[in-house]
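> Sharing a structure here in structure tokens format.
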Amino acid sequence: AAGAGRVWGDAAQFLRQRQRRAYQIFEETKQGHLERECVEEHCSKEEAREVFENDPETEYFYPKYLGELKFLISLFGNAGMLTSMYCSVLFFYSLCKPDLPNQCSPDPCHKEGTVKCEDLKGDFYCECKRGWQGKKCEKDIDECRTQNGGCNQLCLNKLGSYRCSCYSGYTLKDSKICEDIDECTASADICGEAHCKNLISSYECLCDAGYKYDDVKKTCQDIDECEEKLCEQTCVNSPGSYTCHCDGRGGVKLSQDMNTCENIIPCVPFAIGRSVKSLHLGRMFSGTPVIRLRFKRKQMTRLVAEFDFRTFDPEGILFFAGGHQDSTWIVLALRKGRLELQLKYNGIGRVTSTGPVINHGMWQTISVEELERNLILKVNRDAVMKIAVSGDLFTLDKGVYHLNLTVGGLPFKAKNLILPINPRLDGCMRAWNWLNGEDTSIQETIKMNEKMQCFAVAGRGSFYPGRGFAVFNLTYTQPSSGNETKTNWEIEVNAVIQPATDTGVLFALVTEKASVPLSLSLIDYHSTKKLKQQVQTSIFVEKFPCSVLVTGSSFQKQLSDLLPASLFVPYLSPFPTDVPVTSTPVTASYHGCMTLKLRNTALDLDEALYKHSDITSHSCPPIEQEGQ
């Protein structure tokens, strides 16, 4: 009891001496709080934290507070009034004396993120660099999480900072904005020989149609479209393109898709009906007769030949009558539209031409008759010629009189006539009467062979049935003016056409090597309307320019690298089989009527080197009228 009293007395004395000093150590607010929370009452650690407002001071104070409180209670039991005075002085003296260690030693701040550490007497403060945060400046701020750091494309965070970046094909401007790179401008040869096209964030090397780009060589390589089997028939590859060809000689043309083939179908019908009672004299282009007759009589008989005749052809053979070339004979022909009679009696030949022009296409009756040693020629029952003769056309052989008669040709070559003539005659004969007798065998033969028959109705022009061709060998070189060593060549062709189909070759130049340097064709890849009007087409070809006029509309094309004119063989209508189908876009036969002029002179198909027999040189059927 005495010991306790001494302690109490010492404590009281100490409290009286230190009470004021203890209270002066702390500021009034914190002192009031601490007395209220931890002296007047038993405080918790959280309540002590509210007083100190930081962890270091709280951690320093609270363990000592619990230890001292336990010690006092062990001494005095229930402290009662002691706590009010004693605890205030004791705690404030023992706990709050200014001997706290320097909180910045050692430095608690993250070195890389801290500017400096500030000692707060029981706490510390880390001043963070830009881009860092946290109590110890240990946490990097991810600027990219806030509005992408202001970058309009890529934001790349890094410790204490960040940077903006761009996608491929862009470049950074003003540290945050990405702009497209124009590679075509930045590097002029980036695509080599190809065209450079700038794209957003990239670029593209483009070649012309029909070419593909080689990334390694930086060149444009031709695409061989023919390897892709795009054409139905024949394909020809060319630089940057390709062409499909359909063999028109098989009756087909290129379709609208320019790859497949379709049949050539007539869109304008012609009145091609034929008369079974007529005989077409122009059936054989070779000039050989279409009819051969041999008459035998037991007694001398005079010649009587009568028939109806129609033609637009100005020249050719109607008939021959007599023996053989070196004997007696007569030939009735047409020259310049007038009748001509060549005769040979007793080795003496004569040629007589008279009468009206009869190649106007109208039917007329013609007759030749032997009468009292005269030959009488009549047109429509009117005598136009009377020639005295000395001899007989019939030849006596073994007691029988013989007479050869050929129609539409000669039994010998035309050059052996008294006056040579082109024997081919596009004419029509009917109601014939030879030697006052009926010959039913001729009629039956014609009836069985349609090609021997004439068109029931015909007009001027040449008719191409959609098959066959005619060929001419022409020379059209001429010396240059003022220079005899140089030659120019010139072709001027005028064509008036009435087509039955929309496809066909009108005119072509073909070399001896079967190439086609020039062709003029009719072609419509997508026609839907019938062609019922007459079309006039002109072509004029000089050494360089080529102009084509079609019913008033014209276009020109430069022609170069043409072969010398002496190698050209002009063809009319389709090509022979030795001309490749790839030599020209159109190889189909022209179908319809056509009249050609060469150097303003009508081109006579009878003068061709060759003509298909189905082509009529001077007659063309009319267009069939609806309802016929």
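Even glycines carry a Cβ here, placed using N, Cα and C.
Automated prediction, rather than curation, is the source of TrEMBL annotations.
Given the structure is predicted, the values throughout are model-derived calculations rather than measurements.
Among the features that TrEMBL reports, domain 'Gla' is placed at 21-67. Annotation source TrEMBL lists transmembrane segment at 71-95. The domain 'EGF-like' annotation in TrEMBL covers 100-138, 140-179, 180-221. For CYS109-CYS126, CYS128-CYS137, the entry in TrEMBL reads disulfide bond. Taken from TrEMBL, the feature domain 'Laminin G' applies to 282-454.
Surface or core, plus neighbours and distances: that's what I need for these features.
When pLDDT values are averaged over the domain 'Gla' (21-67), the model yields 63.
Long-range Cβ contacts of the domain 'EGF-like' (100-138) within its own chain (Cβ-Cβ under 8 Å, at least 6 residues beyond either end) map to 52, 54-57, 60, 159-162.
Sequence-distant contacts (6 or more apart, same chain, Cβ under 8 Å) of CYS126 (disulfide bond) comprise PRO108, CYS109, HIS110, THR114, LYS116, CYS117, GLU118, GLY134, LYS135, LYS136, CYS137.
Of all the Cβ atoms in the protein chains shown, 23 others lie within 10 Å of the Cβ of CYS137 (disulfide bond).
Here the domain 'EGF-like' (140-179) has long-range neighbours at 112-113, 129-133, 199-203, meaning same-chain residues at least 6 beyond its ends whose C-beta is under 8 angstroms from one of its own.
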> For each of the disulfide-bonded residues (CYS109, CYS128), count the other CB atoms lying within 10 A of its CB, then report the residue with the highest count.
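Ranked by Cβ atoms within 10 Å, first place goes to CYS109.
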> Using Cβ atoms and a strict cutoff of less than 8 Å, what residues sit near the domain 'EGF-like' (180-221) while being 6 or more residues removed from its termini?
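Cβ under 8 Å, 6 or more out: 167-171, 239-242.
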